[in-house]
């Protein structure tokens, strides 16, 4: 008993660090570990991973808010799209064929992963937007953050808000219908479509994920999918890990974060396409 | 544009401070409850329930807590944790309102409404 608890806490710490740094929520790490190594029923693994996502979100957000890395307005505004997406996903369960969604989202991820590789190869060019987007100004989405790796304040502008909203809607839909990949899509929406720098994108994704997950978490809570003996030690580990991760992320060069992010995207894309075909 | 920017920044700082505080309180409370439940489980070696059963209704959870059943306490801790992001949205509405940022009061209220609707669908 005590060994399992300690093991869960350790997994939680690691998933929390990874989730907080990448803005992925940690569910992507916890679900396969629980099903493959602990032979836990997928139902309970998803239940646990939803608690994990909330723990990562709340744990990392405390530090990201304090250090002003995340963009609260972008989060609030885009949450309109993720929550509507999640709700539509819940309503469309059984109507929409998940097979096609897996293929669609898998392809989108693949496309975004290639885009990120392109950004990585483009070393000298700044990826920051210089466009004055009218909607972004009206919504006061442009902001700045202090990059601890580059040791300077970085001002950034946001563009292509309709594009970002659409991908965010997809992120909500994916989490409502498929239960996976919503963190990756959130980072993509901000980083690839709206041209936000990677660090605020990841931090903002972490913040938003808690809200999207909370909506479905109550369902899992009351239908008995959340096992206390699994979720509690995991969540406690995650809270510690997310706190550590949110500090590590800020001192890591954005380039490194992207290098870790790309293979994970390819991995999620392939597993989605695999489920689709 | 330049005169508006610092005001936006200061406003955001105040809002971020309040939300950060609320999240910290929420996380500390839920973590404390979870730790108490987990320690009780490890010390007594009993979950308080037969076999692999655990409480999933408020009624069962609270009657379990009254008799200090570890699983009941752990479930309460998880529920508190699930509520932290919702609390964050509610506090944001209030903070934006206090800063007289009506556009974002509406945006955040809208998010809360959809969130409440999806709670009922579940």
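Placement of Cβ uses the backbone N, Cα and C atoms for every residue, glycine included.
For A:7-38 (among others), the entry in TrEMBL reads transmembrane segment. Same-chain residues lying 6 or more positions outside the transmembrane segment (A:7-38) and placing a CB less than 8 Å from one of its CB atoms are 44-46, 48-50, 52-53, 55-57, 59-60, 180-184, 186-187, 201-206, 209, 213, 230, 233-246, 248-249, 252, 257, 260-261, 264, 268.
Residues or ranges marked as transmembrane segment by TrEMBL: A:44-65 (among others).
The transmembrane segment annotation in TrEMBL covers A:77-96 (among others).
Within its own chain, the transmembrane segment (A:102-121) has Cβ neighbours under 8 Å at 127, 167, 170, 174, 178, 181, 184-185, 188, 191-192, 255, 258-259, 261-262, 265-266, 268-270, 272-273, 275-277, counting only residues six or more beyond its boundaries. Per TrEMBL, the feature transmembrane segment maps to A:102-121 (among others).
Here the transmembrane segment (A:161-185) has Cβ contacts under 8 Å with residues 19, 22-25, 27-28, 31, 46, 53, 78, 80-90, 92-93, 96, 98, 101-102, 105, 108-109, 133, 135-136, 139, 141, 193-194, 205-206, 209, 212-213, 216, 264-265, 268, 272 of the same chain, all six or more residues outside its ends. Positions annotated as transmembrane segment by TrEMBL: A:161-185 (among others).
Same-chain residues lying 6 or more positions outside the transmembrane segment (A:205-223) and placing a CB less than 8 Å from one of its CB atoms are 19-20, 23-25, 46-47, 50-51, 53-54, 56-58, 60-61, 64, 70, 72, 75, 78-79, 82-83, 86-87, 90, 171-172, 175-176, 179, 182-183, 186-187, 190, 246. According to TrEMBL, the transmembrane segment annotation covers A:205-223 (among others).
Per TrEMBL, transmembrane segment is recorded for A:230-249 (among others).
What TrEMBL lists as transmembrane segment is A:255-274 (among others).
Below 8 angstroms of C-beta separation, residues 139, 141, 164-166, 168-178, 182, 186, 189-190, 208, 211-212, 215-216 of the same chain, each at least six residues beyond the ends of the transmembrane segment (A:77-96), sit close to that stretch.
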